[in-house]
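Asks: Pulled these features from Swiss-Prot for this protein:
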type	residues	note
BINDING	12, 13, 14, 266, 309, 313, 409	ATP binding site
BINDING	12, 16, 266, 309, 409, 413	ADP binding site
BINDING	12, 82, 83, 135, 244	sn-glycerol 3-phosphate binding site
BINDING	82, 83, 135, 244, 245	glycerol binding site
């Protein structure tokens, strides 16, 4: 058996396949973007067939980029955009509707209707660790069943299946032989009891979702099925699965209570390991499954920010202030210090800890001296300020991060990471391999395949590239953060 591991990283805007060597270095990466669909204001969809084709394309391409052969692969790991919802016919395999993406807000009215039952809203949080919000899968499934002709009847007859993206890919890769998910993805559906690690019958009944639609929930390192030989020329077991942010937690080797990782992709997601007991947040953070290995659940506290890299995309595509993301660092370095400009990127509302879907973005503090550099810098700083919001909320919940590790595309921007350390007042560690989401999936698959013996092996694989230390005084840090809080207060709607 080979010792290489193949990771499938199915994200919000693209799919990637990455081959990791036995030494945990990257042998090859293949990536393919796919289209985003916005049929109505606040709606975001993906074509399931485009997702599938992009995954298969990268699986084939990645082997053309290196000397590794499919026979060298010990196992496959899958990580994916979470909450995104698919429903398909279990006989034909055809989706009954496009994938409804995690960013989609069409079920806001569903949530408003359910919110009138305060006892039920409290039950959701107690059972799932989540807040009632369109972000999660439950109301997306309900919308599909209520709005796609014939879907409700088919579901009640046991003819439809639900899955987050991981589950859909497992189904397709195994030729329909395996309908499974892992505990991290299940924990993001708003249908999963994170304490008893099972689907919650009360929630299924309230949301009117047949239990027959749901996948079997597995550990993150487990046997999920074997991909069909015709896909890449060899039948290879799928042995590791985790939602993208939990996969990054594993890839960052945050296995000790108090360790946190913050991933900067389209959005920003900060997850703190809270150990073997779930910590219920009083500050609107999410209690979730960090990972589950050998039947033992490690819990986490999570804060979700909707706009991180997406803010840079808006500076580029919307305002046309930059030609590419790399240019933003040079411009920010030229910005006047203490310029008083704040950009609040509430383009689709505010995430944690505010959860204000009606808030809208603004640039505040503009003067005649304000130029492109100051606006770009404010956009980059907004990501750091929002991370500070999460840090403060975690500390208020009694869970102060002891270690903060960063990854994702924006983590390669030294200016941003320097300011992040400044505003957090803490050291920020960046690893040698910033592809930690895919690495986490590879780690999990490697554990099940026997490439790794234990999580101690994974801890020793993690290597630091850079450590950023705070330069601001406490007074300077507090003054800057007070300015941010004032800016947010001015655009809040709830």
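Quick reminder: no glycine exception, Cβ is built from N, Cα and C everywhere.
Because the structure is a prediction, the values reported are computed rather than measured.
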Asks: Using an 8 Å cut-off from the Cβ centroid of 82, 83, 135, 244, 245, can you name the remaining same-chain residues around the glycerol site, in sequence order?
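Replies: Residues close to the glycerol site, other than 82, 83, 135, 244, 245: 81, 84, 102, 188, 243, 269, 304.
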Asks: C-alpha of residue 413 (ADP binding site) to C-alpha of residue 245 (glycerol binding site): distance in Å?
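Replies: On Cα coordinates alone, these residues lie 20 Å apart.
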Asks: If you count the other Cβ atoms within 10 Å of each Cβ, which of the binding-site residues 12, 13, 245, 313 comes out on top?
Replies: 245
Asks: Do you know offhand how many angstrom separate residue 82 (sn-glycerol 3-phosphate binding site) and residue 313 (ATP binding site) by C-alpha?
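Replies: Between the Cα atoms of residue 82 (sn-glycerol 3-phosphate binding site) and residue 313 (ATP binding site), the distance comes to 21 Å.
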Asks: For residue 82 (sn-glycerol 3-phosphate binding site), list the number of other Cβ atoms lying within 10 Å of its Cβ atom.
Replies: 27
Asks: What number of additional C-beta atoms lies within 10 angstroms of the C-beta atom of residue 309 (ATP binding site)?
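Replies: Residue 309 (ATP binding site) is surrounded by 19 other Cβ atoms within 10 Å.
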Asks: How big is the sn-glycerol 3-phosphate site in terms of the longest C-alpha to C-alpha distance among 12, 82, 83, 135, 244, in angstrom?
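Replies: Among the residues the record ties to sn-glycerol 3-phosphate, max Cα distance equals 15 Å.
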Asks: Cα-Cα, whole number of Å: residue 245 (glycerol binding site) versus residue 83 (sn-glycerol 3-phosphate binding site)?
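Replies: Here the two Cα atoms are 12 Å apart.
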Asks: List the Cα distance (Å, whole number) between residue 13 (ATP binding site) and residue 244 (sn-glycerol 3-phosphate binding site).
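Replies: Residue 13 (ATP binding site) to residue 244 (sn-glycerol 3-phosphate binding site), Cα-Cα distance: 13 Å.
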Asks: Show which residues of the chain containing residue 14 (ATP binding site), separated from it by at least 6 in sequence, have their CB under 8 Å from its CB.
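Replies: Same-chain residues close to residue 14 (ATP binding site) (Cβ under 8 Å, separated by 6 or more) are 31, 32, 33, 34, 54.
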Asks: State the count of C-beta atoms found within 10 angstroms of the C-beta of residue 409 (ATP binding site), not counting that atom itself.
Replies: 15
Asks: C-alpha of residue 266 (ATP binding site) to C-alpha of residue 16 (ADP binding site): distance in Å?
Replies: 15
Asks: Sequence gap of 6 or more, Cβ distance under 8 Å: name the residues on the same chain that satisfy this around residue 135 (sn-glycerol 3-phosphate binding site), in order along the sequence.
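Replies: Once residues fewer than 6 apart are set aside, residue 135 (sn-glycerol 3-phosphate binding site) is near 83, 102, 304.
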Asks: Can you give me the Cα-Cα distance between residue 12 (ATP binding site) and residue 244 (sn-glycerol 3-phosphate binding site) in Å, rounded to a whole number?
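Replies: Each residue's Cα considered, residue 12 (ATP binding site) and residue 244 (sn-glycerol 3-phosphate binding site) end up 10 Å apart.
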Asks: Could you measure between residue 313 (ATP binding site) and residue 244 (sn-glycerol 3-phosphate binding site) for me? Cα positions, answer in whole angstrom.
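Replies: With distance taken Cα to Cα, residue 244 (sn-glycerol 3-phosphate binding site) is 21 Å from residue 313 (ATP binding site).
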Asks: How would DSSP class residue 135 (sn-glycerol 3-phosphate binding site) in three states?
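Replies: SS state of residue 135 (sn-glycerol 3-phosphate binding site) = coil.
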